[in-house]
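Annotated in TrEMBL:
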{"type": "DOMAIN", "residues": "1-124", "note": "domain 'MGS-like'"}
{"type": "BINDING", "residues": "H10, K14, T36, G37, T38, T39, S57, G58, H90", "note": "substrate binding site"}
{"type": "ACT_SITE", "residues": "D63", "note": "active site, proton donor/acceptor"}
Amino acid sequence: MTRCVALIAHDQKKDDMADFADRHQARLSGWRIVATGTTGGRIQTACRSLEVTPLKSGPLGGDQQIGAMIATGEIDMLIFFVDPLTSMPHDVDVKALMRLATVYDIPMALNRATAEILMITHAN
Ligand SMILES: O=C(CO)COP(=O)(O)O
């Protein structure tokens, strides 16, 4: 079965995520991709060849949707470019998502350096 990766980026990290997805298009093409709403739109624009399933925007429940998918075994890897310098109204949702990724022991990258390693170790 095709493995599924969840891609998420906070606003200050969206350029970085678009660039990351673009550089790893070949690797990511072997995965089913889900993303929070705005992030998904940015990736889709940057990487026309990738098929991205956009969920709700993060502040409107997208992080929770991905958390629920982790709990039901639908997500195999989480790449989440977090902005640690901006406070967010949905911070509790972000924490809950990270908690579930930890509970279910999903490979989880919260910054680009780690995401690059996951691409090499898990996405080939
Ligand atoms: O806020 C987010 C994750 O917490 C990301 O949501 P968007 O991709 O919709 O901006």
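The backbone N, Cα and C atoms fix where each Cβ goes, and this holds for glycine too.
Model, not experiment: these values are computed from the prediction.
Features per TrEMBL, on structure.
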residue : record                             : DSSP class
H10     : substrate binding site             : coil
T36     : substrate binding site             : coil
S57     : substrate binding site             : coil
D63     : active site, proton donor/acceptor : helix
H90     : substrate binding site             : coil
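Less than 8 angstroms from the CB of T36 (substrate binding site) sit I8, P54, L55, K56, S57, G58, G62, D63, I66, each of them six or more residues away in the same chain.
Candidate binding-site residues: T38, S57. Fewest other C-beta atoms within 10 angstroms, S57. Counting other Cβ atoms within 10 Å of each Cβ, the lowest count among the binding-site residues H10, H90 belongs to H90. Around the Cβ of the residue listed as 'active site, proton donor/acceptor', the number of neighbouring Cβ atoms within 10 Å comes to 28. Taken as a whole, the domain 'MGS-like' (1-124) shows an average pLDDT of 97 in this prediction.
Within 8 Å of the Cβ centroid of the substrate site, not counting the listed residues H10, K14, T36, G37, T38, T39, S57, G58, H90, the chain contributes I8, A9, D11, P59, G62. Binding of substrate is attributed in the record to H10, K14, T36, G37, T38, T39, S57, G58, H90, and the widest Cα separation among these residues amounts to 17 Å.
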